[in-house]
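Colleague: The structure under discussion is supplied below as C-alpha cells; questions concerning it will follow.
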Amino acid sequence: MQITRLDLHQFRRFEHVRFEPADGINLILGENGAGKTSLLEGMHLMAHGRSFRGRVRDGVLRAGADALEVFVQWNELTPTGLRERKAGLRHSGQAWSGRLDGQTVAQLGDLCAALAVVSFEPGSHALVTGAADMRRRYMDWGLFHVEHEFLPVWRRYNRALKQRNALLKTGRIQDGLDAWERELSEAGEVLTRRRQMHLDDLQHQLGPVVKALAPSLGQLELEYLPGWRRESLALGDALLLSRERDLQAGFTSVGPHRADLRVRYPTLPGREALSRGQAKLSALSMILAQGAELARHHGRWPVIALDDLGSELDRQHQGRVLQWLATVGAQVFITGTEAPSGFGAMAATVARFHVEHGTVRASPAGT
Ligand SMILES: Nc1ncnc2c1ncn2[C@@H]1O[C@H](COP(=O)(O)OP(=O)(O)OP(=O)(O)O)[C@@H](O)[C@H]1O
C-alpha cells in the first residue's frame, strides 16, 4: 500500500496543504510546530477514524474553521495489478461524511477498513502501560483488516450492548432483556474467539520483530483477558449472574467490551518495572508486528508512520528500526527536527521533505 497524495484542509495549522510522498522511506523534517506530526495525523485519521492526539473537535480542526477535510490517494497491489484508490473525509468535530473511490460511505468503519496505516508516536507507550481501551482498539483494528466478517460481528455486539445498557438504566428488564442478552452472548463469544486467534497470530509475528528491534526485551508475550471468567462460564451465564449487580450499576460489567490484553515479559520483572523506553520499544514492536500480520494476510504492507523517532528511541535502537524497515519494503513516514541516525548506506535512497510556512516541499538528498 503506497500513498501517492495527501491533502489536508483546515487541519491544525494547515489551511490547505498537499503532500506527494515517494514509495519507500519518507523523511519529513521541520522545526518544532511546523506541522510534521499533523501530516501523519491526517493519514491516521483516515485509517482509524480518530486522531492519535485526541478528538477532532479538541484541536485537530483549524482554529476558526467549520470542518476539516482529508483526502488520500494510494496504490494497492491486487492480483490483477496496481489499483488506484481514493478516500475523502470531511469532519466538523460533530458530524462527518466520507467518500471512497467515488462513492459515499455510510459508516466511518468502511474508510478505516480500506486504508491501512500503523502509527507509532510519542503517546504509543500507553499501548503497554495505559488504559485497556487502547489495547482493545489495537486488537480490533487489526481484525478489521484481516477479517472482513469481523466488522459485522463487532457492530452486532456493540448494538446489543447499547440495548442492554439502555434497559438496565431504566430498569425495564421485561422489555426484551433476555433477547438482548442472547444476542450479546452469541456475538460476544464469536468476537472473543476471533480476538484470541488474532492474538495468537500476532504472537507469531512478534518474536522475530522483538529479536530484530529490541533483543534486550527478551520474550514478549500477549495474553488475552476476555472480560469475564471464561475458563468457568459461558458469556450468557456470566451475563445472567451479573444481572443484579448490573441493574444497580446501570451498565454491563462483563463481556468483551471489558477485555484486555496483558503484555508479559518472562525475562523481565514486570510491566510496572518497565522503563519508559522499554514500554516504547514494546509498543513499537507490537505495532510493527501488526503490520507484519497484515502483510502476511494481504501480501502487502500497511503504511508505517513513525512520529519523531529520533527523540523516542536511543541511537542504537533507531539504527535497528531503520535497518529492519529497509528490509520489509513498506512505505514509511518518519518525522523529526533532524534526520535520525542509522540510515547508513540507504541514506541516499530516502526521500526527504521539509515542512515550513504551512507547506511541504521535497528537499534534495542529504539536506
Ligand atoms: N486547531 C489548530 N488550529 C491552528 N493551528 C493549530 C491547531 N492545532 C495545532 N496548531 C498548530 O499546528 C502546529 C502543530 O503541528 P505539529 O504538532 O504537527 O508540529 P510538529 O512539526 O510535529 O512539531 P514538533 O516538532 O514540535 O512535534 C503548531 O504550530 C500548532 O500551534
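Every residue, even glycine, has its Cβ placed from backbone N, Cα and C.
Annotated domain 'AAA+ ATPase' per TrEMBL: 22-361, in sequence order. Annotation source TrEMBL lists ATP binding site at Gly30, Glu31, Asn32, Gly33, Ala34, Gly35, Lys36, Thr37.
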Colleague: Near ligand 1, which of the binding-site residues Glu31, Lys36, Thr37 are found, taking a Cβ distance under 6 A to any of its atoms?
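Modeller: Lys36, Thr37, in sequence order.
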Colleague: Residues with Cβ closer than 8 Å to the Cβ of Gly35 (ATP binding site), same chain and 6+ apart in sequence?
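Modeller: Counting only residues 6 or more apart in sequence, the Cβ neighbours of Gly35 (ATP binding site) under 8 Å are Arg12, Arg13, Phe14, Val17, Val355, Gly358.
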Colleague: Which of Asn32, Thr37 has the fewest nearby Cβ atoms, counting only those within 10 Å, among these binding-site residues?
Modeller: Asn32
Colleague: So if I draw a 10 Å sphere around the Cβ of Ala34 (ATP binding site), how many other Cβ atoms end up inside it?
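Modeller: Other Cβ atoms within 10 Å of Ala34 (ATP binding site): 21.
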Colleague: What are the non-local neighbours of Gly33 (ATP binding site), defined as same-chain residues 6+ apart in sequence with CB under 8 A from its CB?
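Modeller: Non-local contacts for Gly33 (ATP binding site): Arg13.
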Colleague: Using the recorded ATP site (Gly30, Glu31, Asn32, Gly33, Ala34, Gly35, Lys36, Thr37) as reference, state which further residues of the same chain have their Cβ within 8 Å of the centre of those residues' Cβ atoms, listed in sequence order.
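Modeller: These residues sit around the ATP site: Thr335, Thr337, Val355.
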Colleague: What residues, ordered by sequence, lie under 8 A Cβ-to-Cβ from Gly30 (ATP binding site) and sit at least six positions away in the same chain?
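Modeller: Long-range Cβ contacts: Lys36, Thr335, Thr337, His354, Val355, Glu356.
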Colleague: Should Thr37 (ATP binding site) be counted as helix, strand, or coil on the basis of DSSP?
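Modeller: Assignment for Thr37 (ATP binding site) reads helix.
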Colleague: Counting other Cβ atoms within 10 Å of each Cβ, which of the binding-site residues Glu31, Lys36 scores lowest?
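Modeller: Comparing Cβ neighbours within 10 Å for the binding-site residues Glu31, Lys36, Glu31 has the fewest.
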Colleague: Reduced to three states, what secondary structure does DSSP give Gly30 (ATP binding site)?
Modeller: coil
